[in-house]
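See below for the structure under consideration.
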């Protein structure tokens, strides 16, 4: 009997050959090769390019790349080179298809499309054909031109893109050969060749009369709306608008390049295409072997044909005969004196500079007279009259406030009106509020901000009207009102205009601590960040009735708080805008430099008007201004 653990005799000799050989080295080599294979596969998938023809072309315009790419026949090169600069514009949903086309006009990702296509979209995305396939980028409105149905978008990215140069207006003549591009619902590019039919054509869109348009038969589908019309050099002749004519057929219009440059060169530094004398033929010899390609590209008007290997639908509106591309017919060039010529300073016309200065002056006067409302007027004016988006407005207003309220803080500190022991605990809350408000404002979008701004102005107008209707709101000037007669902050401000009255503090008492500091500092920052206003209209009443201090001290303390909140807002707006590719520092800094002098001078004028004009007149002007802002902002939604 064998018990557990016992063995009978000697164990047999190990005859397994594998265990007698060295196996670790080959297995290690095999494992390493497998790892390298998988790593290489992952790298290839990550760096896969559907079309490597455009490597190194990020900083080039279409025209520049077209000259460099000479391997294909001339028109085939055009059809192959233009589509990467043509984008689809749609909503922000994952499965949202394009509602219009667009054209990339700046290497940093600026896109021009039609305003009516994006005005009602809560979110905007841009679909771009890259070497790695179609990519989707979120975008924001930078500026709008309602009179020409244009919207300038900025993709939220710091990447570089192939883009268009702007065609020289002198080369645009009736009969000129052009190509209208777009992207269809599937994101595939489409193009039709045609001719410029007429210049300076009008188009009525609802109640808006659009002028200075080109007519072209190259536009045949709504999918080309917002897309580029280009010439044979690949330069942007204009942005397409597809309209339904009286017969129900699509009629093609184009907002020409000189209109685009005139209205948007304050934000984008456009590249200019090479000029060709009008009436001179542009002969391009087509390379040998292109006959077969043209036989594939030709199609009946209205029936696009896909070009094998190019993924593009081409409609041949005017068939090219022979081996030579058509020349430009002789004719009078399109001269647009309304948008071409004139002095430009930093990309701004003299008229635009005067308009911006006058807006800043009016905002300064309003703020100087009533110590509130100036920021509301500045933001609303930049949105309505100049079409700027909040991404550009906020850093401009913040920079303006830094200078204007910085100077006011120094004056108030010199007059010993700033209560530093009360202000210092509020500064962190004001900074936190403006940062939080900035991101909230970005999240809700410009349309919601416009509504909030209109409602805010409406409330301020109603408040002023109620005070006008009070029995004691007569025709007195600031000097004739005593502090005891001043029952609200507006009347009290008039009593303080001569600097002699010091009203008794009154209001709601809150215990000292973080909660009190938050109540006094956070709301001002939130309103400033969301709406882009200074926030003084919120802070002064809070300082007065919650802080229980006199109006003089409330105004002085508020100026310091607005200054530091604006400094923080400027830093956040520039850092966030630059890191996400939304803004570049040149545009907001230039705008601020234009507007700061007007705002500063306007504040001085407004302070003097407060001392000499009757109270009823001051309140009436203020109420009318706020009511006009509310009406415009709420009806333009």
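Backbone N, Cα and C define each Cβ position, glycine as well.
According to Swiss-Prot:
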- 1-24: topological domain 'Cytoplasmic' (TOPO_DOM)
- 25-45: transmembrane segment (TRANSMEM)
- 46-352: topological domain 'Lumenal' (TOPO_DOM)
- 78-268: region 'Protease-like' (REGION)
- 148, 263: divalent metal cation binding site (BINDING)
- 353-373: transmembrane segment (TRANSMEM)
- 370-637: region 'TSUP-like' (REGION)
- 374-378: topological domain 'Cytoplasmic' (TOPO_DOM)
- 379-399: transmembrane segment (TRANSMEM)
- 400-416: topological domain 'Lumenal' (TOPO_DOM)
- 417-437: transmembrane segment (TRANSMEM)
- 439-459: transmembrane segment (TRANSMEM)
- 460-517: topological domain 'Lumenal' (TOPO_DOM)
- 518-538: transmembrane segment (TRANSMEM)
- 539-554: topological domain 'Cytoplasmic' (TOPO_DOM)
- 555-575: transmembrane segment (TRANSMEM)
- 576-586: topological domain 'Lumenal' (TOPO_DOM)
- 587-607: transmembrane segment (TRANSMEM)
- 608-616: topological domain 'Cytoplasmic' (TOPO_DOM)
- 617-637: transmembrane segment (TRANSMEM)
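Residue counts for the topological domain 'Cytoplasmic' (539-554) by DSSP state, with H, G and I taken as helix and E and B as strand, are 11 helix, 0 strand, 5 coil. Long-range contacts of the transmembrane segment (518-538) within the same chain, counting only residues at least 6 positions beyond its ends with a Cβ under 8 Å from a Cβ of the stretch, are 367, 371-376, 378-379, 390, 393-394, 397-398, 401, 405, 425-441, 444, 449, 452-453, 456, 460, 510, 546-547, 555, 558-559, 561-562, 565-566, 569. The Cβ neighbour count for residue 148 (divalent metal cation binding site), using a 10 Å radius and every protein chain shown, is 22.
Spatially, the transmembrane segment (379-399) is adjacent to the transmembrane segment (555-575); three or more Cβ-Cβ distances between them are under 8 Å for residues at least 6 apart in sequence.
Remote same-chain partners of the transmembrane segment (617-637), defined as residues 6 or more beyond its termini with a Cβ less than 8 Å from a stretch Cβ, comprise 366, 369-370, 373, 376-377, 380, 383-384, 447, 450-451, 453-455, 457-458, 460-461, 464-465, 467-468, 473, 475, 490, 494, 609-610. DSSP states for the topological domain 'Lumenal' (400-416), grouped as helix (H, G, I), strand (E, B) and coil, give 15 helix, 0 strand, 2 coil. Here the topological domain 'Cytoplasmic' (374-378) has, by DSSP, the following mix of helix, strand and coil residues: 5 helix, 0 strand, 0 coil. Taken residue by residue with DSSP, residue 263 (divalent metal cation binding site) is part of a helix. For residue 263 (divalent metal cation binding site), other Cβ atoms within 10 Å of its Cβ number 22.
Away from its own ends, the transmembrane segment (555-575) comes close to residues 371, 394-395, 397-399, 401-402, 405-406, 408-409, 412-413, 415, 417-419, 422-423, 426-427, 430-431, 433-435, 438, 493, 521, 524-525, 528-529, 534-536, 539-540, 543, 547, 549, 583, 585, 588 of its chain (Cβ-Cβ under 8 Å, at least six residues beyond either end). Mapped onto three states, the DSSP output places residue 148 (divalent metal cation binding site) in helix. Within its own chain, the topological domain 'Cytoplasmic' (374-378) is flanked in space by residues 359-360, 362-368, 397, 400-401, 453, 456-457, 460, 528, 531-537, 595, 599, 602-603, 606, 625-626, 629, which lie at least six positions past its ends and keep a Cβ under 8 Å from the stretch.
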